[in-house]
Each structure stands twice: as structure tokens, then as C-alpha cells.
Amino acid sequence: MGRETSVADSINSIYLIFSAYLVFVMQIGFAMLCAGSVRAKSTLNIMLTNVADAVIGAISYYLFGFAFAFGTAGAHSNPFIGTTFFALKDIPNESSYGYPYFLYQWAFAIAAAGIASGSIAERTQFGAYLIFSTFLTGFVYPVVVHWVWSSVGWLSPNSSTPLFGSGAIDFAGSGVVHLVGGVAGLWGSLIEGPRLGRFDVLSGKPFPIRGHNPTLVVLGTFLLWFGWFGFNPGSFTKILISYPDDAHEDGGNWTGVGRTAVTTMLAGSTGSLVTLFGRRMLVGHWDVMDSCNGLLAGLVSITSGCSVVEPWAAIICGFCSAWILIELNALAVRLGFDDPLEAAQLHGGCGAWGLIFTGLFAKEELVIQVYDSGKIGVTRPFGLLMGGGWGLIGAQLAELVAIVMWVSITIAPLFYFLHRMKLLRIPVDEELAGLDISCHGGYAYINHVQHEDNHHPEPLFSESDATYRSIQAEQHS
């Protein structure tokens, strides 16, 4: 029996480690997506922010992030924040966590920071971004993880006294990862203001500023999609968990892993198709970058309920996420909100929808399989539209509101402080020249054309001189 247990533990560890590798590949995807979505003159900067997220996140999550997220103290554990395991003290241990689990959670943490980097791209001082990334991965994000994914968190479905008898089901992090990153990016972009030339300050007329390289966007999207198969199915963390034979004929977690991969694939594909055709109807042409963002919208939305919904429900999830993204992007333009990667709309809006979707469509049998290993006689609240009552949807809404409030009261003051200290936004002249040459000593491309904005004639600012003057006046006040 001991040998069988050892083999099972080894297989589970290998499964989790390789899932961590897949999630880490998403960082390459973020880097490519971000690089292709900005103008050529800011490519080096956005690539460096992605590198910074990984390396800063590694140190901060090692020193205190993992402790805040998963630290417990027995009967005296705090439901709000972890209090043990600083610098991985007492890790690994037989009763809780090992090194593979830390590696996996670190890959999640840096993903949350990478989301927000897109919202504030092309106009943020690099030093300010380093401060933000450290604060998010080391404190803000881990606290939310503790609420939902720690067994003692106040929102955890594994708590001894789960909220509303259910706890929040956020299996792989539509809320914990994506909503956190989206709200953080929202506040950063709001406080910084739009990029110079994105909107005319007098008339409010928008000027499209498209990314310079759709090829990188497509490459990044496929890498993210590939990594998502570690993000969602990997969140089982153990694949060799069997269910009681007399209750479930289809075995154990290995079946759930396969189903989760299928729901992930279907939601993303549906989101991409609906966005492609939806935008075709609205703007009159087929847009590859819109299709890529629709794919990501579907993936973000299904991440919460991927393990507890049927494949047909995943198609509904992806369909709705596409229209949520389209409508939020239209609203952003009307309000004068500038997010170069649509990160706040995509990860924030679709992350919120993912939490609500799970509260509506989670299937009772699958919830019991995932959170109680298929035990006989166990009952749990499940999706409202599946006949499961209000317990689960109430917990999902509680998570949504709690995350928005927590990120707002922590990240917004940080960005505002940096803004007031004139540490947040780069000077106007440097923004016009591009962050690469002004902050990083050169350009990403050898044959760089300084005025590379092919979507406008060079007198782009002839109608927007007021924008230039207003930002310049603010920076010199």
C-alpha cells in the first residue's frame, strides 16, 4: 500500500509540475501579445515589463506572497490573510504543500500582474511599474488567493463553514486572477489618462491606435491558449484521485481533467467566432486581432467554472463573453477610456461574467466530484439555472464585489500617489518619441521608422494639440 501511495504521489507531482510549465508558457504568450498590440516605438518597454513580472514575482512570492496566500496556523488560522510559510519556511511538508505547488501558484501570480501591464502600456514610467508589480504579486493578489483557494479562507468552498453553505467556486481564477488584474489595470489607466493622441481633448473624437504587429498577436494568443490547458485542467493539482465506484462509473479526477480541457477549448473557440462575426457586422471587415481577443474572452470567462459545467454550457459562456467584450469596448470609447490591450474590459468584464456564469450553470454532480471527490450522500448548492438555489450564485457575487472593493482600495491609492508624485506617467516629449528610445536606449527593430503610425498621416496632432498642451501643463504644474 505504501508503494502504491508513493507512485500516486509521484504521478501527481509530475502532473502539477508540468501544469506549472504550461502556465509559465503563458508569460511568453503575454509578452508576444503585448508586443504586437502596442506601437513599434514601445516594444522594448512592454517586453521588459513582462520579464519584470516574472522575476519580481518570483522573489516577492517566495518571500511573502505564498505565505499571505496559503499560510495557516491550525485553529488560529486567519480567514483574511495567511500568516505562515514566509520564505517557504516549513515547505515542503506532508500535510499541506510542496515545491511543485509553490511553482504552480507563482506562475498564476505573475499572470495577474501581466494582465494589468497592458492597460497602462506606452505611457508609464518603468520605475512606477516595478513598484506596482511588486505590490500586486506580493500582497494584493495573494490576499484574494487566501480568501478563495486556501482551505481556511472566508470564501473558500473547502472551508468548514462555507459562505452561504457553498463558498465561491472559482476553480482556476476568473475572479482570483483575471478580475484582480483587470480591476488593477482599470485604475491605472483611469488615473494615468489616455495615450497622447488617442482622443481629441476638445471634441472627444477617438483616433484608432492599432498595434504594430498582428503576427505577434496571433502567436501570443496561441501560446496563451496552449498554456490555458495547464491553467484550467492543471488546477485539479492531483490527477490520481478516484471516485467511489458505486457512485461514479467514470473513475476520478482524470475524467474531470479531460472534461475541463474540452470546456476550455469550446468556450474560447465560441468567443473567437462570435467576436469575429460580430465585429464583421459592426465594422464591415474581418479582423484577426478582434478574433484573438474574443478567444481570450471566452477562455477568461470559462476559467471559473471549467470543471463543474457541461460542454454545452461552455458554448453559452463563450457566446456571452464575446458580446460582453464588444459592448465594453464600445463603452470604453464613448467614455474616453484608453486600454491598449483591452485588458480591463477583457479580463475584468469577462472575469466577472465567468463568476456569474458558474453560479448559474454549475452542475451538482460535477461540483461534488471536484470539491468532495465524489463522496456519496454529500449535497452542495449548485447552479441557479440548474435548480441549485441561491447559495452558489450568492457566494459568486460576494467574491465579485469583494475583489473589486479590495483591489480598488489598495491599487487605486498606489497609482494616485505615484501620479501626485509625478512618478507614474512619462513626460510628453518622451511619450511622443516612444518609451524604447527615451527609456531603454534604442529600438526593438533595426530598421525602425520613428514615425511608424501608418494609420494616420503624420500631422496626427494637428487636431489634438490641446491634448498635448493639457498633459504638458499638468506635468509642469
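For all residues, glycine too, the Cβ spot is worked out from N, Cα and C.
Some features that TrEMBL has for this protein:
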TRANSMEM  14-35  transmembrane segment
DOMAIN    15-445  domain 'Ammonium transporter AmtB-like'
TRANSMEM  47-70  transmembrane segment
TRANSMEM  102-121  transmembrane segment
TRANSMEM  128-149  transmembrane segment
TRANSMEM  169-190  transmembrane segment
TRANSMEM  211-231  transmembrane segment
TRANSMEM  312-332  transmembrane segment
TRANSMEM  390-418  transmembrane segment
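Long-range contacts of the transmembrane segment (14-35) within the same chain, counting only residues at least 6 positions beyond its ends with a Cβ under 8 Å from a Cβ of the stretch, are 43, 46-47, 49-51, 53-54, 100-101, 103-104, 106-108, 110-111, 114-115, 117-118, 121, 213, 216-217, 219-231, 233-235, 237-239, 292, 341, 444.
Within its own chain, the transmembrane segment (390-418) has Cβ neighbours under 8 Å at 128, 131-132, 135-136, 139-140, 143-144, 147-148, 155, 157, 162-170, 175-176, 179-180, 183-184, 187-188, 191-192, 304, 352, 355-356, 358-360, 362, 367, 380-384, 424, counting only residues six or more beyond its boundaries. Listed stretches 128-149, 169-190, 211-231, 312-332 were compared with the transmembrane segment (102-121); the greatest number of C-beta pairs under 8 angstroms is found for 169-190. Cβ atoms under 8 Å from those of the transmembrane segment (128-149) belong to residues 49, 52-53, 56-57, 60-61, 63-71, 79-82, 105, 108-110, 112-113, 116-117, 120, 155-156, 168, 170, 175-177, 180-181, 184, 188, 399, 402-403, 406-407, 410-411, 414-415, 418, 423-424 of the same chain, restricted to positions at least 6 beyond its ends.
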